[in-house]
Amino acid sequence: MSKSLISRRPVFRRGVSSSGQEKPAAAESPLRKLGWKPFFQQQLSLDELNDCVPVKVMAVHRSQIEVTGEAGDEVVLVHGPLFDDASERPTVGDWLLLERASRKPLRRLERSSLFKRMAPGARQAQLIAANVDNVLIVSSCNHDFNLSRVERYLALVKEAGCRACLVLTKADLDQNHDSYRTALKGHRDLPVVLVNALDAESVAPLREYCRSGETLALLGSSGVGKSTLLNSLAGAELAATGGIREDDSKGRHTTRHRALYAIPDGGLLLDSPGMRELRLADVQDGLAATFADISALAAKCRFADCAHESEPGCAVQAAIESDTLDERRLRNWRKLEREVRRNTRTLAESRADDKALGQMYRSVQSHARARKSGEE
Ligand SMILES: Nc1nc2c(ncn2[C@@H]2O[C@H](COP(=O)(O)OP(=O)(O)OP(=O)(O)O)[C@@H](O)[C@H]2O)c(=O)[nH]1
Ligand SMILES: [Mg+2]
Ligand SMILES: [Zn+2]
């Protein structure tokens, strides 16, 4: 057995007919359930179709990653060229090709979507998840609710081209629901669902975001009820949940790892640790889409370079005065624009530094090889 293969256990049982024989696999192909689509199939060469099997990354740990494919669950060691570049290494949701016989990971397939943020306290990007279809931005009906943060998540989600829904949990603990709906009036294209995440019936409307073959990511701060939602949607205690602090309603960071869970009669659900900060980079298009209303107003300003402060004929300021645009939203747009510009530049610089370092390293190695072969 290959070193990279530590355990294998089937996750999806094929249907068995009344005659005791396996039903044809086509209708419920395990790969299709995991989100395998023509977009990924088309990336395989003829040789790869013969010699490799695709597997989905379900969880990433320091020294090994958990994957699932047609043969069930396996564990692959984090080792080899695929894992050399920290900003490029496989993340949860990725599709990998394993060599059929040795189970060695050969390459990662191109992604249909990718979430990343600036790694906390670093000049590097941190990958959050790949190949996600839909996102529940989870907040709760308490101190956690913060529109500017919702807009931050939206920029990330729109950049990845995913469908988003805002879920406000703990609706059973706060009856002041209208105030949340009023606060969200500037976000008409964002569906909002208020739920008691502990109640399976209450979360049922969210099932449309995690149909078989789809991947749904739950994103939000610690303690808002992401793992609780996962368990209610799955109808089983798949993830641990924790209490929240009495004084400020903040969570206790119960979930420690990002992981995908297959839910019965549905798709895959990504549970993730609560994010303390979500610093944005490389999301210019997502940001423009999140604030499309402000861009549309800006196009009507008298001056093309209007800063929307005190210029005459400013359509943005006029909208604020007539109460059709929230001043907070304009402030947040400005703040996020500055942040995205700064962080995108930082990432480009650090990529250039890494490239230069890599070139220097390769040139030192080739000199050493040339010297060695000259000596022989
Ligand atoms: N009453 C009520 N309690 C909820 C609801 N959603 C979550 N909770 C409780 O809130 C606490 C935190 O829930 P978790 O599901 O662990 O929160 P989380 O978002 O996964 O938190 P992290 O894993 O720390 O990121 C638990 O005690 C849940 O029982 C809800 O809608 N209503
Ligand atoms: Mg959790
Ligand atoms: Zn203006």
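From the backbone N, Cα and C atoms, a Cβ is placed for every residue, glycine too.
Of the listed candidates (Cys210, Cys314), TrEMBL assigns Cys314 to the same Zn(2+) site as Cys301, Cys306, His308. When TrEMBL is compared with the stretches 77-106, 167-196, 347-376, the one noted as region 'Disordered' is 347-376. Residues 85, 87, 118, 123-125, 281-282 of the same chain lie 6+ residues outside the compositional bias 'Basic and acidic residues' (347-356) yet bring a C-beta within less than 8 angstroms of a C-beta in it. Distance from the CA of His308 (Zn(2+) binding site) to the CA of Ala171 (GTP binding site) is 37 Å.
With a 10 A radius on its CB, Cys314 (Zn(2+) binding site) counts 21 other CB atoms from all the protein chains. DSSP labels the residues of the domain 'EngC GTPase' (130-276) in these numbers: 39 helix, 34 strand, 74 coil. Here His308 (Zn(2+) binding site) comes close to Ala298, Cys301, Cys314, Val316, Gln317, Leu330: these same-chain residues lie at least six apart in sequence, with C-beta atoms under 8 angstroms from its C-beta. Residue pair Val224 (GTP binding site) / Cys306 (Zn(2+) binding site) shows a Cα separation of 40 Å.
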